[in-house]
Amino acid sequence: MIKSAILVLEDGTQFHGRAIGAEGAAVGEVVFNTSMTGYQEILTDPSYSRQIVTLTYPHIGNVGVNSVDKESLKVQAQGLVIRDLPLLTSNFRCEETLSDYLKRHNIVAIADIDTRKLTRLLREKGSQNGCIIAGKQIDAQVALEKAQAFPGLEGMDLAKEVTTKQIYPWLQGSWKLAGGLPEDKQEQDLPYHVVAYDFGAKRNILRMLVDRGCRLTVVPAQTSAEDVLKLNPDGIFLSNGPGDPAPCGYAIDAVKTLLETEIPIFGICLGHQLLALASGAETMKMKFGHHGGNHPVKDLECNVVMITAQNHGFAVDEKSLPSNLRVTHKSLFDGTLQGIHRTDKPAFSFQGHPEASPGPHETASLFDHFIELIEQYCQKNNRHNTK
């Protein structure tokens with residue numbers, strides 16, 4: 001039986017459609033993502049915590065879902081908005097339909113609405129809070145009240161909500177089409193010990209670090225710098241994550257302390273913003289953010305343009321950069337800051353997602369630069385695990 005659903009934005013705009021997930025209500029910031037593929041990776045990306053994701057590509061669900069293409073243990077997005085859900089799924093890796101997957105994870109979703117109209121509205125007015133109600137009792141006024149009552153992401157510390165609760169090792173490399181997910185690598189085959197802060201880390205980031213010889217110790221977001229240093233790392237990674245970086249004072253303080261050492265530091269997405277804040281810069285809320293797999297970014301040092309995957313609603317304010325930070329990358333969509341490098345420390349960061357998943361891998365060389373810094377650190381300090 002077809003069940004109705006409604007999406008109501010905080011400005012009162014209504015979109016009526018069909019429920020394709022769980023019954024109930026979902027409230028969050030409504031954003032749009034322009035990726036054509038990778039909807040399962042998007043749904044399971046912790047950076048989408050407290051957000052309702054609108055996918056602009058018209059057909060979503062064609063290939064179903066499987067047990068491999070996930071970036072975390074569960075669906076992280078608050079809700080899903082799409083144009084059309086195909087009646088059939090067709091892929092040799094399909095284990096479940098998208099609709100069944102959403103219901104199993106209790107995710108409210110709506111289809112059969114004009115996603116082009118919604119996207120244009122979000123571009124013109126900026127990201128808005130919204131509410132999806134699905135099921136038998138559809139009340140637009142209740143949805144509006146819920147949307148307007150949502151406080152918004154600015155000032156909200158979500159990293160401590162999505163982070164791991166305990167330290168764990170990660171030794172698994174990247175997935176291959178022929179063999180699927182590989183077995184964990186042996187520690188003796190991974191010469192570099194990297195401590196990875198989990199602010200909402202995507203699994204593909206961890207896998208790409210392992211591919212380059214890193215054995216990872218993943219630690220909770222609120223782990224102190226002192227506890228990290230006790231682990232004796234060769235490098236420190238600051239992961240992606242959701243929400244506003246400014247309230248994450250515990251992380252900013254930890255990074256400040258870690259910057260007093262000579263241990264290489266690499267940050268992605270939220271980790272990029274935290275490195276900037278710890279260095280004395282400021283961040284700002286964007287109008288509608290960057291979400292998609294087709295964003296052109298210029299590498300200012302190599303003078304090349306790369307197509308990147310992006311997922312963030314906050315950015316580092318370039319005007320606030322101190323003298324010890326140099327700009328390395330900028331967005332060609334809106335000129336916002338995309339990359340920084342400390343001039344006095346082996347620390348750098350990137351706003352986009354070089355691991356993609358989904359998206360292009362044109363900035364994967366950033367992982368290689370991190371390894372170069374680690375090798376230099378190990379050689380300089382005569383550490384036993386130098387290649």
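Note: Cβ is positioned from N, Cα and C throughout, glycine not excepted.
Among the features that Swiss-Prot reports, active site, nucleophile is placed at Cys269. Of all Cβ atoms in the protein chains displayed, 30 besides its own lie within 10 Å of the Cβ of Cys269 (active site, nucleophile).
The active site annotation in Swiss-Prot covers His353 (among others). Within 10 Å of the Cβ of His353 (active site) there are 27 other Cβ atoms, across all protein chains. Mapped onto three states, the DSSP output places His353 (active site) in strand.
For Glu355 (active site), the same-chain residues lying six or more positions away in sequence with a CB closer than 8 A to its CB are Lys202, Asn204, Ile205, Arg207, Met208, Ile268, Ala309, His361, Ala364, Phe367. Here Swiss-Prot flags Glu355 (among others) as active site.
In three-state terms derived from DSSP, Gly243 (L-glutamine binding site) belongs to neither a helical nor a strand segment and is classed as coil. Taken from Swiss-Prot, the feature L-glutamine binding site applies to Ser47, Gly241, Gly243, Leu270, Gln273, Asn311, Gly313, Phe314, supported by sequence analysis.
Residues or ranges marked as region 'CPSase' in Swiss-Prot: 1-189.
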Note to self: At a 10 A cut-off on CB-CB distances, which of the binding-site residues Ser47, Gln273, Asn311 has the highest count?
What the structure shows: Gln273
Check: Using Cα-Cα distances with a 10 Å cut-off, which of the recorded positions Ser47, Gly241, Gly243, Cys269 are near His353 (active site)?
Finding: Cys269
Check: Of the binding-site residues Gly241, Gly243, Phe314, which sits closest to Cys269 (active site, nucleophile) by Cα distance?
Finding: Gly241
Next item on the list: Check Cys269 (active site, nucleophile) against DSSP and tell me helix, strand or coil, would you?
Entry: coil
